[in-house]
Amino acid sequence: MEGAVRVQILSQMGIPEVPSQYIQPPDNRPKSETNSITGLSCKNVPAIDLSCEKESVLAAIRDACREWGAFHVINHGVDTKLMDDLRRVCLSFFNDLPMEEKLIYACRPDFAASEGYGSCMLVSSENKTVLDWRDYFDHHTLPVSRRNPSSWPHFPPEYRVLIADYSDEMKALAQRLLALMSESLGLKASCMEDDDVGGLQVLKDGEWLLVDPLPNAILVLVADQTEIITNGKYKTCVHRAVTNANKARLSVATFHDPAKMTRISPASDLVSQGSPPRYSSVVYGDYLSRWYSNGPEGKRNLDTLLLDTSK
């Protein structure tokens, strides 16, 4: 059972101030002139309608991945009732299930990305990284051989079925988007999907901007492995969450990762004498372990893979 105190417990205790281990250093906080949610608001994150003509979708994805590393998708094919039902049962788990029953599903603190209910994702309790003011439930849903619904909450009764159904929908959408992203670069549709290819804020042009949610849209964030595979043509979306003192925030985040033993490297079709590889190759499992051990602070983990292309 994970030893960290649940943020929900601290919040409900009515403590007069946030404990020091959750407080970000001044340089990592929103600037005083943008402390308000309104001041940080951004309505310009691209929204891409997947029902449009394919060439226009490819062009929109190309621009969004180059300029933002993030975009909303609408008319994505995921049933809005499924999305609403999932949000409902997730909120019910956190808000309605007694803490002693939630703790039955506590994740293990000594394993990276351990499935279950927790508050701290980092492996070592000695890590000096500032803790996030949040609780979470990490589900392992894919591949199906890794899926163990008995380790998921029993409450509400439909929770397990909804998680499995939503996971299947997200896999299909992720594969569709990866195919479109590959084609937008002139690559074969399967390029990024093949394993043989070596209060959310986003950072845009050096400024943190608050992403305004779009009803029933799904926000897509380009990940490090995509930046590596595209040789830097598409960029990672550096992002963070801002604490709201007045209202709890629910995120249902889905990660579409390669297998842990997959070696990630720039796609050969995007490397040439005039465009040499910008990143060294890395085994994805090793890269992920480094993140869980070192935390996300400071220099991007991706930057450690940058090659000197000035020679």
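Placed from the backbone N, Cα and C atoms, the Cβ positions cover glycine too.
Curation plays no part in TrEMBL annotations; they are all automatic predictions.
Look at TrEMBL and you will find 138-258 tagged as domain 'Fe2OG dioxygenase'.
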Helix-strand-coil residue split for the domain 'Fe2OG dioxygenase' (138-258), DSSP-based: 38 helix, 18 strand, 65 coil
The domain 'Fe2OG dioxygenase' (138-258) [mean pLDDT, rounded to integer]: 89
